[in-house]
Amino acid sequence: MRHAAGRYRRRAPGQPRAVGYLYVLPALALYGVFLLFPLGQTVWLSLLHWDGLTVATWAGTDNYQALLTDPSLRGPFLHALALLFFYAALPVALGLLLASALSRFRVRGMTFFRTVFFLPQVLAMVVVGVTWRSILGPDGLLNDSLRAVGLGSLARSWLGDYTWALPAVGTIGTWVETGLCVVLFLAGIQRIPRELYEAARMDGAGPLREFFAVTLPALRAETAVALTLTIVAGLRNFDLIYITTGGGPGNATSVPAYEVYHRAFETNEVGSAAAMGVGLTVLIFVLTVSVARLVEGRNR
Amino acid sequence: MTGRLERSATYGILALFAVISLTPVIGILSTAFGRPSSQAAGFSLPDGLNWANFAEAWTRGHFGSYLTNSVLVAAVVVTATAVLAVLAAYAFGVMHFPGSSVLFYLFVIGLTLPQEALVVPLYFDLRYWQLTDTYWALILPQTAQSLAFGVFWMRTYFRNSPRSVIEAARIDGASSWTTLWRVLVPMGRPALSTMVVIVFMWTWNEFLMALVMVSDEAHRTVPLGLAFFQGQHSSDTALLAAASVLIALPVVVVYVALQRRFIEGMLTGAVKE
């Protein structure tokens with residue numbers, strides 16, 4: 001028996017090698033036709049001038065140059081980066097704050113809080129958008145509350161205001177993503193050995209020192225995960241923009257994800273839309289890799 | 001050594017954040033049960049439980065047929081993803097063949113790839129194949145995108161499943177096919193159900209692809225239905241709220257029942273190794 005098992009292991013898992021391909025093939029075929037192939041096509045389309053109807057002409061890098069120079073194409077990228085403050089930076093900071101407050105003793109009802117905090121993640125963005133449109137509308141919950149406390153002069157149509165529309169959309173993002181960060185950090189904090197906190201307290205560390213000396217370094221991996229998830233979610237937010245503002249007022253809340261749709265299917269600038277899609281993909285890739293690098297680098 | 005004050009402050013902060021998380025959810029719920037056709041734009045407090053809004057959303061808003069479409073699409077996507085992902089992940093997890101890691105990383109690419117990078121050519125491809133305005137246009141791209149997560153998630157399960165079990169099955173003369181379906185899949189039911197639930201949620205909530213691929217009303221899924229409904233009846237807050245509840249309910253029920261596994265899967269699934 002032992003002999004058989006030993007010989008078996010040496011032959012790898014005792015399979016003719018080709019069998020592996022047969023198992024992978026069905027998934028790969030579907031994935032290839034409906035994901036990898038279109039991905040290549042997007043790159044190809046981004047090199048063309050095409051309105052979706054007539055014959056396309058070669059554009060070379062025109063569409064990409066426009067991304068950098070045309071304000072109506074550059075704007076959406078700047079908006080997306082501004083939104084990342086609300087979608088990523090703020091939720092991660094709030095998440096760290098909350099989680100560290102919870103690390104100091106055993107909290108009752110943790111399952112309840114975790115379930116509630118994470119709830120916004122499972123709602124369809126369309127539902128989130130419809131709900132928040134009603135909260136932020138002229139007669140919505142926010143304005144009603146402002147009027148109730150005598151701040152009625154601040155009331156406005158938040159999503160229709162040139163200055164406030166982008167922060168308003170951002171606030172929705174903060175609402176969606178904060179719970180995700182809290183839940184992640186709570187899971188991480190449970191893995192920190194209690195002795196570290198006890199030692200820190202013996203040395204006379206207050207809550208603040210405890211946070212910077214113990215909690216924050218121990219949560220480095222979770223911070224990277226939280227940043228990656230929130231950045232990707234923040235840059236992929238087509239649904240929310242479509243439902244709440246449609247990129248408006250003017251172009252105040254236009255983001256690349258929305259602009260791809262708008263250009264390809266509403267203004268018939270397919271090549272430009274494809275370049276936008278490629279640009280967005282590159283941006284997501286660069287940001288997530290940078291987050292990973294940053295965290296690993298400090299680790300050494 | 002934590003003081004009483006600190007404890008109350010902590011619970012205070014927790015309660016505050018819970019209220020912030022729940023207010024929009026409770027607001028939409030209470031509006032859904034509020035007076036039908038109320039013209040108030042904001043949330044309203046119900047004066048009882050008015051089920052009439054749901055009935056009206058079901059019939060006048062056509063959410064009955066949208067829900068049928070969503071159930072159909074989700075069922076096919078989830079089943080196809082589960083079967084194809086299990087097969088591929090099994091090979092990636094326990095077999096060694098040349099190029100396996102390259103092929104696996106091709107699947108991992110799909111985890112962070114935005115849909116916006118695919119939607120434009122997919123629309124023209126599917127239109128060329130005369131598949132727009134069919135269920136296939138909703139099912140095929142969604143399955144392909146779900147496979148990225150499915151293959152990644154199930155491969156982790158197969159890699160961590162005990163070698164001894166696989167070897168024992170082989171020594172008993174089981175083929176790789178039998179080992180997979182008779183031994184590993186039954187053992188891996190927890191991992192499998194986490195994947196099923198998450199793919200279900202993504203498919204159910206999916207919006208952009210559905211918006212682009214479907215222009216006729218007959219194939220609309222629920223998120224699409226809500227978006228169009230809002231466009232036409234944005235003043236009918238109670239009905240909008242009722243429709244929102246109808247859309248969110250299936251996912252929320254599953255989430256509350258399985259929250260631990262659900263959260264774990266979503267956090268792990270979206271991150272590369």
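Using N, Cα and C of the backbone, Cβ positions are placed for all residues, glycine too.
Just so you know, TrEMBL annotations never went through curation; they're auto-generated.
Pulled from TrEMBL:
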type	residues	note
DOMAIN	B:67-258	domain 'ABC transmembrane type-1'
TRANSMEM	B:12-33	transmembrane segment
TRANSMEM	B:71-95	transmembrane segment
TRANSMEM	B:102-123	transmembrane segment
TRANSMEM	B:135-154	transmembrane segment
TRANSMEM	B:191-214	transmembrane segment
TRANSMEM	B:238-258	transmembrane segment
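The highest tally of CB pairs under 8 A with the transmembrane segment (B:71-95), across B:12-33, B:102-123, B:191-214, B:238-258, is held by B:191-214.
Ranked by the number of CB pairs under 8 Å to the transmembrane segment (B:12-33), the listed stretches B:102-123, B:191-214, B:238-258 are led by B:238-258.
Within the same chain, residues 70, 73-74, 77-78, 81-82, 85-86, 115-116, 119, 122-123, 126, 132-133, 137-138, 141-142, 146, 149-150, 153-154, 156-157, 185, 220-224, 227, 247, 250-251, 254-255, 258, 261-262, 264-266, 269 sit at least 6 positions outside the transmembrane segment (B:191-214) and bring their C-beta atoms closer than 8 Å to a C-beta of that stretch.
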